[in-house]
Amino acid sequence: MILIKNGRVIDPKSQRDENIDLIIKENKIYKIGKFDESDEYEKIIDASGNVVAPGLVDVHVHFRDPGFTYKEDIESGAKSAARGGFTTVICMANTNPIVDNEDTFNYVKEKSKNACINVLQAAAITKGFEGKELVDMEALKKAGVPGFTDDGLPLMDSNLIMEAMIKAKELDVPLSFHEEDPSLVGNPGVNAGKVASELGLKGASSVAEDVMVARDCMLALKTGAKVDIQHISSGVSVDMVRFAKYLGATVVAEASPHHFTLTEEDVLEFGTNAKMNPPLRSKWDRDKIIEGLNDGTIEIIATDHAPHSKEEKDREFIKAPSGIIGLETSLALGITNLVHKNHLSMMQLIEKMSINPAKLYNLNIGFIEEGAVADIVIFNPEEEWTVESFVSKADNSPFKGKSLYGKVNYTICNGEIVYNA
């Protein structure tokens, strides 16, 4: 048994926020209350000054297996997640081969059994990411797929998307969408505007996102499907999601830490380590994302953890791949830029990083109560630390060298300590 003493337990399900102890027995939260130390515990953790929260859940990561394991693999990705306080992640399907069939899905599922945290795998919406024919969603759901996404590529056939939504509604699974109309993207990875012009690039206009978000919100309203707008970056799109929710659509949006922290100006400082799709946008867009997080329009924070090798990111801007890593800095960026700046309460932040993403994928996790699975993160929200090295195979991050608040000290998954600072 493990006794966690003197911590500030924050649980978004019950709205509990109090100094109280937890006992973990086997893989469950056995008791919540006030307990004395004794020899019966194998481990006693003094969580004084720390928040004790549900293990974090990230619904948007790339662990690059199969096909690109020189960038990341399931083991290294899981360890990176554990260091960041995450106990469950959902991997995207843009691997090689693409996860669009049961064999590839089962390969990842089998490899994930040895991971230190819960690694779940989403499947593609269309075969081969070609946007022409739906995968066998029913068979894949039976195999254990929690949701479907062609993340990395936008889906352009509206009728096919409507078919997918009707099927997803029937199967009670979410569909997650990467929203960028390629015909409106001059150069990916940088916002169309002043910075793109300085770099001699056309950039990617926010309207490329807006038109796709508008379409998918309306299709979600029509079909009743549960739809996730991935890595929202445009302020106008935030307003559209808010309106779609008002109309009754089951639409959720996820924001990445880089989109609520940085702006297009940071591309000039960090170069390819600030290149991602969708790109960093204007200060106005960033402020609209923070507003959306604050008022509940954006329910989920997800990293879009996208590892690349140093050689790939060292190429010139236009040739370098898009994406940055995020698992090891996500919580601290939320604490530093949202909680400490009074945009969100600690309860709201934890909610957007645990129970809300779990609900999207119909997972019965993300909360602290007796009998629940013992997935726990223990972190000091006031401890300052400098981002220096990563557990991930990659280090493509614009936050290297930055001082952040919020240090993860323990991550416990299924009752086992999987990370200890």
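The backbone N, Cα and C atoms fix where each Cβ goes, and this holds for glycine too.
Among Asp151, Asp157, Asp210, Asp395, the residue that Swiss-Prot places alongside His60, His62, Asp304 at the Zn(2+) 1 binding site is Asp151. Going by what Swiss-Prot states, the substrate site holds His62, Phe63, Arg64, Asn277, His308, and the candidate of Asn27, Asn94, Asn342 recorded there is Asn94. Sequence-distant neighbours of His62 (Zn(2+) 1 binding site) (same chain, 6+ residues apart, CB-CB distance under 8 A): Glu72, Cys91, Met92, Asn94, Asp304, His305, Ala306, Pro307, Gly323.
With His60 (Zn(2+) 1 binding site) as the anchor, the candidate binding-site residues are His178, His231, His308, and the one with the nearest CA is His231. Note: Arg64 (substrate binding site) has non-local neighbours Lys71, Glu72, Asp73, Gly77, Thr95, Pro307, i.e. same-chain residues 6+ apart with C-beta under 8 A of its own C-beta.
Other residues of the chain with a Cβ within 8 Å of the Cβ centroid of Asp151, His178, His231, the Zn(2+) 2 site, are His60, Met92, Thr149, Gly152, Ser176, Phe177, Glu179, Gln230, Asn277, Pro278, Asp304. Other than His60, His62, Asp151, Asp304, the residues of this chain whose Cβ falls within 8 Å of the Cβ centroid of the Zn(2+) 1 site are, in sequence order, Val61, Met92, Gly152, Gln230, His231, Ala302, Thr303, His305, Ala306. In three-state terms derived from DSSP, His60 (Zn(2+) 1 binding site) belongs to an extended strand segment.
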